[in-house]
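Feature annotation from TrEMBL assigns signal peptide to 1-21. Per TrEMBL, the feature domain 'Cadherin' maps to 84-164, 165-273, 274-388, 389-493, 493-610. The transmembrane segment annotation in TrEMBL covers 619-640.
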Amino acid sequence: MITRNGLLLVFWFLLDKGFLASLHAPPQSRMGREQHLRGVEGLGLRRHVASGVQRVKRGWVWNQFFVLEEYMGSEPQYVGKLHTDLDRGDSDVKYTLSGEGVGTIFTIDQTTGDIHALMGLDREVKSYYTLRAQAVDMHTGRPLEPESEFIIKIQDVNDNEPKFLDGPYTASVPEMSPGGTFVMQVTATDADDPSYGNSARIVYSILHGQPYFSVDSKTGVIRTALPNMDREVKELYQVLIQAKDMGGQLGGLAGTTTINITLSDVNDNPPRFSKSIFHLRVPESSSVGSAVGKIRAHDLDSEKNAEVEYSIVPGDEGHMFNITSNGHSQEGIIVLSEHLDYETKRSYTFKVEASNAHLDPRFLHRGPFKDTATVKVNVLDVDEPPVFTKTSYTIDVYEDTPVSTIIGSVTAQDLDASNSAVRYSIEWKRPVDGCFDIDTVEGTISTNEMLDRESNRQHNISVVATKVNNPLLSNKVTVTVNVLDVNEFPPELTILFDTFVCENAKVGQVIQTINATDKDLPTVGQKFFFKSPREIRNRNFTVRDFGNNTAGIVTKRVGFQRRVQEYYMVPVVVEDSGYPAQSSTGTLTVRVCACETDGSLLSCTAEAVFLPVGLSTGAVMSILLCMVILLVIVVLYVGLRRQKKRETLMSSKEDIRDNVIHYDVEGGGEEDTHAFDMGTLRNTKAIKENMLRRGTGSWSDVTTQTEINGSTPTTEGSTDIIRDYIHQRLQENHLGFSAPPYDSLATYAYEGDGSVAESLSSIESWTVDGREDFRYLGEWGPSFKTLAGILDKDKADPPTAEVEES
């Protein structure tokens, strides 16, 4: 250190005396010259003298000072010196400094111009500072030199190690890759100045991870060092990478990072069964689709390369089973595809093949990527229900089969080793199932009652077979009983036709086609025969059988006339083809009608009377329409005339007849006489006077009646007199139009004897039948007891008219 300082002093002396003045350009001013000298001096303090003239030459950049970073001394670090030729050392010149960090980082001695750094500087924080210097008169403050700007640069030292900013790293490379396969590239950064020395020149090396991987010292590229690394042997590798500055020389700073390298899987391993034969057991009662067992072939690969597909090798006894692959567990699940029967077959042997679903062509040379194993399935015996010999039974029976007749049988047996006895029964679901019975031991089915095909053509019954040694085990079978038809019903005409025949019909003309139906089965394929009764000889019509279950009614003559005979009855015999044959007779009504010449119907009503005259249909309709119009005119005329006379008659309110006409309430009783005077009809004297006044009655008749009844006014038993009077007035009314109409008298005076309810008019309410007992009216309630007493009293005191008449 002493030697170094001594050399610097010598170098500074030479510069100060001007010995080296010829090596640089002349300064622009005297102060500038001093700045340059001080700058060189400052540079000389930082540089090693071994650099010689070359380093002094760099220092002649007039506007730069240099200072080392990370200064750790106890005194301020000397940076440089400012000096002007005007400064004669008498302290008349004052040096000022301004700019970045002045006062905090940098300071200047105003008298000597020495610049010092007050603290340690970090180039990585700030690499240079720009300042301004000026020399002024100490007393007046007048500038002696123009203000000059200069830069203080922070000289770098190797104080930062390389760093991996993104570490640690993760990478992968396929297994079985060749040597030199690229894995990844890492990069370290150094904060030191790369333009100065080797502080930032980095060299990469691998500290851990050999001999599997290597790293390029300059680029940091990592590659595989060994070929065909197997993931199934080792999957994860941890590699330690170092980055060192100073070109890797001794004393350089270093940084490290970790790289986790995984070998990714490739399909380089086939599946393999752990054993060559698998033993499985399954109960014979297992349902179709249920799992029998699981087998597994192990594949050392992972993910999709380890997916295994299972299949049953065709042949052997594998048809009873299926196998499916479980994508999660990579297991093969054996499933039952058909029903098992221990008594039929007790074991099954077949082969199963396991193969990879995704193959890699690069490794096919290693052999087939599949494996086979043998599976043996043993069937376990299970106590099972009885088994019927058939899945269903069908029995045909005639509907006239006698009761208790055996019509069929079912058979079931226990196939287990115990060979238990079986008992039979019928499961009653509907009331009609009671028509049959079954022998519990033999299984024979018989009838319990007579069958009727027309009520139920088919019976479906369920027969249950139960094991004796285990009643909980049972089985069912359906027995279908078809009731066969017995020809018990005769055929009948489908419709009892009402047809017609034209008056101009010809011989052999079919006037109607008929068919028949039969309640017996089958409805399809039945054969019917039609004919006329043998015992009846019909000269007008005959029956012709067409042979297709239809027949026609055919005329045997011409000249049918409606005026001679309007209706004809035609009997038809229909017979079926059953055994025994059944037949019935139906009667058709044939009406004679008028028809056109082409056979179309005109009419079967009164119009036919006019047809022989030769009138057409239009003419007949015109005549009928005229008659209807005339009839309407006559009715209107008569009605208007009667209405006019009724108004004239009712104009006088004092006329006795007005009271009779206005009476329109029936059933008023004996007390209902205030609306009119009933004495007019009961007093024969008044009747006689009226007859004399009219001049239409017979005096002798009235006299005769008067003599019979005496001079006493008639109150009872004058019904015949009143009836004769009313009839006489009606006759007068009918003979001429001069007499007023007394139709109302015919309505209310006497209503006739033909009515079952008899008369309800109050006009006859005073007539009482002496032979009737009215005491029963008292049972109808309090209101009728009074009426019963009145009627019984009248019965006890018979009218005088009846006594005299008797």
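Residue numbers in this text run from 1 along the chain shown.
From the backbone N, Cα and C atoms, a Cβ is placed for every residue, glycine too.
Please treat TrEMBL annotations as automatic predictions, because they have not gone through curation.
As the structure is a computational prediction, the values presented were derived from the model and not from experiment.
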In the domain 'Cadherin' (165-273), how many residues does DSSP put in helix, strand and coil?
3 helix, 46 strand, 60 coil
With DSSP as the reference, give the number of residues of the domain 'Cadherin' (274-388) in helix, strand and coil.
13 helix, 54 strand, 48 coil
Secondary structure composition of the domain 'Cadherin' (84-164) [DSSP: H/G/I, E/B, coil]:
0 helix, 35 strand, 46 coil
What is the average pLDDT across the domain 'Cadherin' (165-273)?
90
Using DSSP, tally how many residues of the domain 'Cadherin' (493-610) sit in helix, strand and coil.
4 helix, 55 strand, 59 coil
